[in-house]
Each structure stands twice: as structure tokens, then as C-alpha cells.
């Protein structure tokens, strides 16, 4: 059975997926490191983002191990890799929805106290539920070699399990479907609330609507609120398509293009979050640029100068002129609450 329905993985597919795994590991690590280094940016939403990044980091590493190893049997290594990827992937769904729920309660319901009180609940659900599901699946011998039926080289639900569709739902797909429904609704409600708040502010304080910094920060926050659910769906939809094709017993699920898109989508969440919340976040981007400029200046200063004198750190002097208004973007959405 496994040999008949096994999806063949080509070297090019494995190389591409391993590349996206590496990018996600680097992206998730960068989010975690920036949170550790700059203590003044440790807001509650960014702490939740760090927990999400931990799960994305685990997912990318476990997926990379599976793609690299190309398991063929239900070995101990296969089961271990499948258990880690199942736990981290499911936990990633919960943390993604938890961040959306937090922002909804904080912005739309205007209650930071209630939003902060939910953090404990987020931990219990986002770590506890995936752990219980994964341990149960391993104990019942449901995790193992799946012949890449709905994966790309890594282990998941055993292909020979008679109730494998049920366990595919429990170990990921049902939570993925719920995230598809929940994320767009929550972010649409948040965007609608922010737009109404800005409209009211523009009516009574027109000068705010023409102030360049506020306008740029609010527009960037608006873009992020739009892209978060869109990116999640675009990345995850390919695994959902293959799952539906599996239910329909269609051979199209083994199409190399679809398999490659599935591999890229499932392993790119960490890289996408890094782009959104590091490179597209002005305060963090500015600090990273300053650090890089200082490092380059130090390298140039240590290099021998033609006239024998060390070079000066021009980049350090330039960085001192930056205004503190860059910090406003980090709390751009909460600023709507303060001005209301």
C-alpha cells in the first residue's frame, strides 16, 4: 500500500524545501534575538510573536530533518521527527489565532486588562492541546511514515493507519480549517474599527490626518493587518488542497508543482513573519541597520588606512540624529485607543 501510493520526491523539490526551511530558521531566530536584545520593545503582542516564532523554528527544523533523511519506514527517528513537527505545527496554528484574538480584544474591545489576562489561557491552549494530541497519537502508534501523501518528505500520520484521515484532522487539518475561518474575520473587524476611529479623529482633529509620521505608521499597520491572514492562507492552502485531493483519491496530489508549493508553504511561516515584523517594522529595522552600519564601520576602522590613520565611525554619528518617533509604529494600533 505504501509503495503504490508513495509520492516521489525529486532532488530539486528537496533542495527548494530545505532552502525555505533554512530561511524560516533564520527568520524565527532573528525575531527571538531582537526580542531578547532590545528590552524596550517587549510589548505583549511581540512576546506572543516570539512564542509563535519558537513553534515555527521547531517546525522548520523538524521538516528539514524529514526532507533531508527521506524516511522509508516507521523508524524511531521518523516517529520522533513526526511527533515534533506535529506538535510545533499545531501549536503554530493556535499561536497565530491567539495573536489575532489578543489584538481584537485590545483594539476593538478597548480592554488591555482583559487582553493581558488571556495570555495565560493562550499558553494553556497553544501548548497544552497540541501536546495532548501529539502524545496520544504517538501512544496509539498513529505517527510514522506517510509516503509523502500529505507531506513533503517528513513523517506525519502513518499511511497504513485505518483511521488516518481522522488523525490527519486531529493533528493539524481541523485547526488549519478553523484558522482559515477565524483569522480573516478577526482582522477585518480590527481594520474596520481602526478605520472608524481614524475617521472620527479626522472629523474633530483634521491636523492629525495630514501629519506625515502618523499617516505612514497607520498605513503600515493597515497593510500588516491585511497581509497577515492573506499570507497565512496563501502559504497553507497548498497542504489543504493536497489533503482534499487525498480524500478524493486523486493522483493530482502527487503533481511535482503542487508538492513543491506545499513544501514551500508549510516551511515558510517563520521567514514570512520575519519579513512582516522585523524588516517591515520601522523601529526594529532602523536598529538593525544601525548595528550593521556600526559593524561595518568597525571593520573599516580596523583596516589599515592609506595615510596610516584609522577611519572614523561616520555611521555612528549619523545614527544619533534619528528621531524617537520611530518607536510609535511598534504601538501604532494601540495609539488609536489613546487618541480616541
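Glycine is treated like the rest: Cβ placed from N, Cα and C.
Caution: TrEMBL annotation is automatic and unverified by curators.
Sequence annotations record features per position, and here TrEMBL assigns domain 'G-protein coupled receptors family 2 profile 2' to 13-281.
Here TrEMBL flags 15-36 (among others) as transmembrane segment. With a threshold of 8 Å between CB atoms, the same-chain residues lying at least 6 positions outside the transmembrane segment (15-36) that come near it are 42, 46-47, 49-50, 53-54, 56-57, 59-61, 63-64, 67-68, 152-153, 260, 263-264, 267-275, 277-278, 284, 287-288.
The feature transmembrane segment is assigned by TrEMBL to 48-71 (among others).
Positions annotated as transmembrane segment by TrEMBL: 91-108 (among others).
Long-range Cβ contacts of the transmembrane segment (120-145) within its own chain (Cβ-Cβ under 8 Å, at least 6 residues beyond either end) map to 2, 48, 51, 71-75, 78-79, 82-83, 86-88, 90-91, 94-95, 98, 101-102, 155-159, 161, 163-164, 167, 170-171. Feature annotation from TrEMBL assigns transmembrane segment to 120-145 (among others).
If you look up TrEMBL, you'll see 165-190 (among others) marked as transmembrane segment. Residues of the same chain lying 6 or more positions beyond the ends of the transmembrane segment (165-190) and with a Cβ under 8 Å from any Cβ of it are 86, 89-90, 93-94, 96-97, 100-101, 103-104, 107-108, 133-134, 137, 142-143, 150, 156-157, 225-226, 228-229, 232-233, 236, 239-240, 243, 246-247, 333.
Marked as transmembrane segment by TrEMBL: 225-248 (among others).
TrEMBL lists 303-340 with the feature region 'Disordered'.
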Checklist entry - Across the domain 'G-protein coupled receptors family 2 profile 2' (13-281), what does the pLDDT come to on average, as a whole number? => result 88
